[in-house]
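Student: Could you have a look at this structure, given as structure tokens, before my questions?
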Amino acid sequence: FFFFDSLQDQFDNLEKHTQWGIDVLEKYIKFVKERTEIELSYAKQLRNLSKKYQPKKNSKEEEEYRYTSTRAFLATLNEMNDYAGQHEVISENMTSLITAELTRYVQELKQERKSHFHDGRKAQQHIETCWKQLEASKRRFERDCKEADRAQQYFEKMDADINVTKADVEKARQQAQLRHQMAEDSKAEYSSTLQKFNSEQHEHYYTHIPNIFQKIQEMEERRIVRIGESMKTFAEVDRQVIPIIGKCLDEITKAAESVDHKNDSQMVIEAFKSGFEPPGDIDFEDFTQPMKRTVSESSLSNSRGDGKSEPKFGSKSKGKLWPFIKKNKLMSLLTSPHQPPPPPPASASPSAVPNGPQSPKQQKEPLSHRFNEFMTSKPKIHCFRSLKRGGAGPEDFSNLPPEQRRKKLQQKVDELNRDIQKEMDQRDALTKMKDVYIKNPQMGDAASVDHRLAELGQNIEKLRLEVQKFEGWLAEVEGRLPARTEQPRRQSGVYETQNPSGVNSCAQDRESPDGSYTEEQSQETEMKVPATDFDDEFDDEEPLPTIGTCKALYTFEGQNEGTISVAEGEMLYVIEEDKGDGWTRIRRNEDEEGYVPTSYVEVYLDKNAKGA
């Protein structure tokens, strides 16, 4: 019986040990599960980080990714996104190959362990029952033997007593025989039970219990092997993504090695170069000589000759003007009249009109003073950042430097061509649909798409006209086409013959960088300007924008050069208001513009245009 207690203790110990093994397995499952959560969280954070620094679409940041350094950074962000994907792969593989498999295996292990210990307890209960049966049979045999012995003693006593009747002696003898028979039966039963128990006991300790222990041992060994394989899988899952992670890092290194500082610098130069040429040298003004000044070649145009400072405009080198001086306003100096405007017909003299023009000022001022005014006064457009901060610029981008203007015009042409292609695609699709409707009237009315086709045709025609307009401007910038040169040439030539000192006076009297005009005329007539060479500087000028309208109060003949004739009641466009000299510049159409006396017209300025 003590052995049975010891066996029970072993079963308890094995039960505790196998339960501890299952707890270890569940702890490892929990560890792997938390590792997968960390991998997912890390991958999510990497993806969010990559997304955070990605350039926003249709923004300024997207333009900045033209440079090799920023493209390398963008490649790094993309590779980090792929890098995060590998950590997601780690999480997925660990979940499917370790966590899910081990969780299913733990359930199976618990069922198997329960079955084995149930069989063990059942076998132990069976042997204990056999032992109890043997003990009961043994006690019964012992009791029957004692009863038979007492019955024998009582018979012998009765048989020896002479006072006892024969019948009593016979009764005692029969009782003694019965007891002996019962003892023999008990002995036979005990012997049979003992043999059976010994057989069961041998089967129990040499067959059932070893088999159960063997199964428990195999179960425990499988658990140990399984957790070891899971640990190996844990490492293999990481090892499988190492080549891809290494490739991501290689791509980041390759992107970093592709950074080209020379290329980036050249792109900055191409992006911001203006196309202006630097001004030429300023001629020395010798004040020890008689007061006889000449206009240096660099005052109006930027000559890049052989270094000789000849004060005339006949040089063939066509330099650009100062960056922020509007050439079209300089051009206006060649056509504006140089005498006071006539008074209105109703007045006897200009002073009779309340707002009549004053005579132009006739101050003499050296060119060096005017040059200092150019350099010190604040220009209208002092930096290109102001264009971005302000409102929209002119349609032809004439406010930009030549190179920037060329790029903007090219972008506009490309954009319009794309729009034309879209409209043409829609037109082709509708045309096919109309053909289908014509062939199969039951599918739709063919006339229903005619209106839309007409709209598309009109849109395409408008876009083509826009393309032609911008291509014309682009050709002007690139020097492929002449730009409205006939009338400026004609006006300049006539003006030169009538007033040979006009060019000299316009060079120093007309324009300051802030856009104001004066009628200061100079008496220096030293410089003669060939009309054709001077006009080449202004061949590609655009007309001045309209700043308002005006109504002619009186008829003006406009006989002087630079003026324009108007009829009473005629409506015209104002392109330059009176600057104090009594003249207003107006335009009838693209080819007809000039000056009229301010007192002859009633001006209606456009506040928005003037403010711009």
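Placement of Cβ uses the backbone N, Cα and C atoms for every residue, glycine included.
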Student: If TrEMBL is the reference, give me the range from 59-90, 155-186, 219-250 marked as coiled coil.
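Tutor: Spelled out, TrEMBL records coiled coil over residues 155-186, not the other listed ranges.
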Student: Using a Cβ cut-off of under 8 Å, list the residues of the same chain at least 6 residues beyond the compositional bias 'Basic and acidic residues' (411-427) that approach it.
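Tutor: That would be 453, 456-457, 459-460, 463-464, 466-467, 470-471, 474.
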Student: Using Cβ atoms and a strict cutoff of less than 8 Å, what residues sit near the coiled coil (155-186) while being 6 or more residues removed from its termini?
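Tutor: For the coiled coil (155-186), the nonlocal Cβ contacts are 137, 140-141, 143-145, 147-149.
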